[in-house]
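Taken verbatim from Swiss-Prot:
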ACT_SITE  Asp108  active site, proton donor/acceptor
BINDING   His104, His106  Zn(2+) 1 binding site
BINDING   Asp108, His109  Zn(2+) 2 binding site
Amino acid sequence: MAQPQQHKGGYKQINKALNICAFEDYLSAQLKHLPQLADVEQLSPRVIRVLGQNAGKGTNTYIVGTGPQRLIIDTGQGIPEWADILDATLKERSISLSHVFLSHWHGDHTGGVPDLLRLYPNLAGAIYKNSPGSDQQPIDDGQVFRVEGATIRAVHGPGHSHDHMCFILEEENAMFTGDNVLGHGTSAVEELGVYMETLRKLNSHHCAVGYPAHGDVITNLPAKIAGELAQKMRREKQVLLTLDRINKESRRTGQVVLVHGDGIDEEVRKMALEPFIDEVLRKLAEDGKVAFEMRGGVKRWFGVGVL
């Protein structure tokens, strides 16, 4: 998987094959001011966070519940230190695990499963994921799981990935948002239109707090989701305005990017901004606001809707 040299691991991964795209501000300013997070932190009476030890503060693993048997959400990227820290944390608190939830298939969330099974072979039948593999258990939208002190309700939220699941912690009116809503910065997406619908769906649950897969606790989840939606709609408007400005001749994606992303590093432009603009254009085409024609094997876009 090709990536910009200075944006490896954690929630900066870009999978070009799946057209997971990112924003220029996501890849620059947002990476410069990450907060200091402890390797292990008790966030609430029911939630302990363990950092995945991968880049950019890594992927959060959450230990959920209050009793001797609890569940965890996500397993990091497979960094050996993560397994050591998790094992020590569980032993110090005399905790065993009953369920392992994977928010989605990306490697920085599933990579620790082999280490987890090496440490706890009894969990072999307790790995849960939407669209599961042959050795995993299914998670369905609305499915409820319980451990002492915690009732977890699964919410299917595709867009970042087709199998993405979020989890509501009923006792706290909180949501484990996975990669759909990050503690810091903006998520990358596979399908922008689907992702925006997912954000609206998540917002409809009216959870107050978010526990993201990357970054610190989101203390005002409705405001964060509203900001994400506003940003996506603002980007759409910018692309439409750009097309309108240059519409005397239909343009390919790269030319729209050159106008829209002036001043962006060329590698970031190619790896992040251009795929993102292409995703915006595809969504706008589905909405009937833009269209394209093929010239010399290249899509050339033009606006057809009213701004």
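Backbone N, Cα and C atoms are what each Cβ position is placed from, and that goes for glycine too.
Cβ contacts within 10 Å of His106 (Zn(2+) 1 binding site), excluding its own Cβ and spanning all protein chains shown: 25. Here the Cβ of Asp108 (active site, proton donor/acceptor) has 26 other Cβ atoms within 10 Å, regardless of which shown protein chain they belong to. Look at His106 (Zn(2+) 1 binding site): DSSP puts it in coil.
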